[in-house]
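Trainee: Dropping the structure in here first, questions after.
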Amino acid sequence: MNIPFFTSVLMSLVLALLAMAFYTLMERKFLGYFHLRKGPNKVGLMGLPQPFADAIKLFVKEQAKPNPSNQTPFLFAPTMGLVLALLMWVIYPHSHQSFFIQFSVLYFLCVSSMNVYTTFLAGWSSNSKYALLGALRGVAQTISYEVSMSLILLSSLIILSTMDFTKMFSYSWILFMFIPLAVVWFITNLAETNRTPFDFAEGESELVSGFNVEYSAGLFALIFMAEYANILIMSLFTSVIFMSTCASGMASDLVLILQTITLAMLFVWVRATYPRMRYDHLMNLTWKSFLPLSLALLMMSIPIAMML
């Protein structure tokens, strides 16, 4: 039994949860300033313990389980979502990585594609028409945008000739070659994580709260812990694939962290700026715009890779 290995992985997961907690605080602070008001500032020093106060409040509440719901998948779906989000953090490509996966990009695609099951299970098992409609929207949206996401990732892999995130660290020029690819990738990430302007799985103005309408207390917290952990890991992988640096050691880790924070702040900026799209516009965007563009960039990447 490799004790240092498990200790390293456990520390990565604990720090990922801490990062997720403070990211929720950062989002609330930023949204407050966007709305010309103060964010959370009453709990402790400048509101810093606010995420932990929220977590304690939610997890000590009684869990209400609707009688018509299918109990086992209803309880299992939020836990599954958080576990899948944390599984992606295992391949965090820092300079002293202990968990080495040669095909980490393939691992990332496999785990991220499983997230659709958590949305579907949560909506279907709630036995509520609003939750089911939100789940069906979320499933259709996620599957549609995964096609473009896979093609964009494939274009990057053809040029970089590696499926290992740690080796992608040394390539710093792909963003300048494929700026349209990076923009489409970021918009696809917004759809994959169900964030504004693609938050149709929730759709408060139409579906009360969407697929999570029947959830409360700790299970509700688990759903949103998974969502924010996914946002951070998507920001991290965007930094690795498109914004890698030539620096090494501690400097590369620091640059990666700063890039990830910047991209995570961009998620908040988009939420504060744009309204929710119409659902038919969402589907037209991926099938009529992103898919042809992704295929065109994929065809361009093959001769570029041959010339390098």
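From the backbone N, Cα and C atoms, a Cβ is placed for every residue, glycine too.
According to Swiss-Prot, the protein has these features:
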TRANSMEM  3-23  transmembrane segment
TRANSMEM  73-93  transmembrane segment
TRANSMEM  103-123  transmembrane segment
TRANSMEM  143-163  transmembrane segment
TRANSMEM  168-188  transmembrane segment
TRANSMEM  217-237  transmembrane segment
TRANSMEM  250-270  transmembrane segment
TRANSMEM  288-308  transmembrane segment
Trainee: Among the recorded stretches 3-23, 73-93, 143-163, 250-270, which has the greatest number of Cβ pairs closer than 8 Å to the transmembrane segment (217-237)?
Mentor: 73-93
Trainee: By Cβ distance under 8 Å, which residues at least 6 away from the ends of the transmembrane segment (143-163) in the same chain are close to it?
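Mentor: The answer is 102-106, 109, 112-113, 116, 171, 174, 177-178, 181, 184-185, 188-189, 191-192, 241-242, 283, 286-287, 290-291, 294-295, 297-298, 300-302, 304-305, 308.
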Trainee: Can you tell me which parts of the same chain pack against the transmembrane segment (3-23), counting only residues 6+ beyond its ends and a CB-CB cutoff under 8 A?
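Mentor: Non-local partners: 51-52, 55, 86, 89-90, 92, 98-99, 225, 228-229, 231-233, 264.
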